[in-house]
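J.: The structure follows.
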Amino acid sequence: MGLEENLPNGILLASLEKVVNWARKNSLWPATFGLACCAIEMMTTGGSRYDIARFGMERFSATPRQADLMIVAGRVTQKMAPVLRQIYDQMAEPKWVLAMGVCASSGGMFNNYAVVQGVDHIVPVDMYLPGCPPRPEMLLDAILKLHAKIQDEPMGPRRAALRAASGERTEIIPSSVKYAKK
Amino acid sequence: MFDALKGFGVTFSNMFKKVATEEYPEIGAPAAPRYHGRHQLNRHPDGLEKCVGCELCAWACPADAIFVEGGDNTEEERYSPGERYGKDYQINYLRCIGCGLCVEACPTRSLTMINFYELADDNRQDLIYTKEDLLAPLLPGMEQPPHPMRLGDNEQDYYVNGPELARDRGVPSGETVETSEEKAMQ
């Protein structure tokens with residue numbers, strides 16, 4: 001992803017990977033890509049009732065260069081697709097994509113010639129969030145699941161290859177179970 | 001000169017007001033009692049499936065999210081009372097818009113919705129829920145199909161005496177087998 005890829009093997013420790021991933025997941029700045037009704041729920045999630053600031057994400061960035069996470073909220077039309085791809089390309093690495101709602105994830109009920117049948121035809125998607133539109137809790141749940149994935153992300157191509165060979169995957173646990181009060 | 005202090009005063013007074021934030025992951029997943037969450041395929045009180053494989057839910061679905069394939073019950077292998085059962089049942093949650101038209105279309109009250117909504121996943125394959133994922137858990141007194149009809153001689157007995165059968169199995173009065181499992185979370 002950056003400098004760490006050029007470091008020789010054996011110098012970076014697994015604990016450094018954990019620290020870097022912890023820092024990345026705790027200040028994940030989203031790029032606003034609100035396209036339809038899902039964006040209303042996304043704005044609600046940023047409001048005081050659901051308070052996305054609790055997860056260090058209150059700074060919805062209007063500039064792609066300062067964003068780490070693109071929340072694609074709403075149906076993507078064929079005309080919007082190149083714009084979306086350009087915004088994604090302008091974001092600095094490391095970057096993640098969250099497909100919010102059924103339309104962004106698969107086209108949803110708009111199975112027609114105007115709508116892209118899933119935003120993963122254009123950009124790599126890290127988390128799919130169903131719902132029409134998903135309620136703010138569902139968005140928070142998807143974000144927390146994405147945080148768990150970021151925490152387990154390997155640093156550098158060698159560690160990534162090792163992880164791919166071991167077949168290890170981050171377990172997707174419902175957030176209300178994972179963070180339940182003991 | 002005092003304008004700045006006045007402004008800070010507004011901020012300061014908010015420190016003593018009730019916090020509006022809902023502490024979501026810690027307090028569980030709150031939803032209204034009839035919230036349209038994930039689907040559930042219900043069972044008769046003896047564990048036989050209510051789905052008869054009629055495909056009305058798939059026809060009602062405006063997003064084409066449901067796939068149903070019916071199969072014939074035999075005396076040796078019985079999954080539901082009556083002739084047919086849902087052999088294959090899939091709901092694609094990346095298409096489902098949670099409108100509930102499938103629930104309205106279901107003639108046997110087999111398909112209902114529960115409050116669970118934390119569905120997000122990192123691949124499209126896992127979000128196509130199959131029959132194993134959707135079937136209701138076995139409550140006490142229920143038996144995993146296939147097995148013969150335990151509560152009557154034919155399917156008429158199951159449908160006509162449904163509420164009494166449920167009450168005999170310990171479902172409280174005024175509730176159905178379905179609602180006893182979809183209690184709203186506090």
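Placement of Cβ uses the backbone N, Cα and C atoms for every residue, glycine included.
Below are the features listed in TrEMBL for this protein:
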BINDING   B:C51, B:C54, B:C57, B:C106  [4Fe-4S] cluster 1 binding site
BINDING   B:C61, B:C96, B:C99, B:C102  [4Fe-4S] cluster 2 binding site
J.: Can you give me the Cα-Cα distance between B:C96 ([4Fe-4S] cluster 2 binding site) and B:C106 ([4Fe-4S] cluster 1 binding site) in Å, rounded to a whole number?
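T.: B:C96 ([4Fe-4S] cluster 2 binding site) to B:C106 ([4Fe-4S] cluster 1 binding site), Cα-Cα distance: 16 Å.
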J.: To the nearest Å, how far is the Cα of B:C102 ([4Fe-4S] cluster 2 binding site) from the Cα of B:C51 ([4Fe-4S] cluster 1 binding site)?
T.: 12
J.: Which one of these binding-site residues, B:C96, B:C102, B:C106, has the sparsest Cβ neighbourhood, judged by other Cβ atoms within 10 angstroms?
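T.: Least crowded of the binding-site residues B:C96, B:C102, B:C106, by Cβ count within 10 Å, is B:C106.
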J.: In DSSP terms, helix, strand or coil for B:C102 ([4Fe-4S] cluster 2 binding site)?
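T.: Its secondary structure by DSSP: helix.
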J.: By CA distance, which of the binding-site residues (B:C51, B:C54, B:C106) lies nearest to B:C61 ([4Fe-4S] cluster 2 binding site)?
T.: B:C106
J.: When each of the binding-site residues B:C51, B:C54, B:C61, B:C96, B:C102, B:C106 is checked against chain A, which show a C-beta distance below 8 angstroms?
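T.: Listed in sequence order, the binding-site residues near chain A are B:C96.
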J.: Can you tell which of the binding-site residues (B:C57, B:C61) has the fewest other C-beta atoms within 10 angstroms of its C-beta?
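T.: Each of the binding-site residues B:C57, B:C61 was scored; lowest Cβ tally within 10 Å is B:C61.
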J.: To the nearest Å, how far is the Cα of B:C106 ([4Fe-4S] cluster 1 binding site) from the Cα of B:C99 ([4Fe-4S] cluster 2 binding site)?
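T.: So the Cα of B:C99 ([4Fe-4S] cluster 2 binding site) lies 14 Å away from that of B:C106 ([4Fe-4S] cluster 1 binding site).
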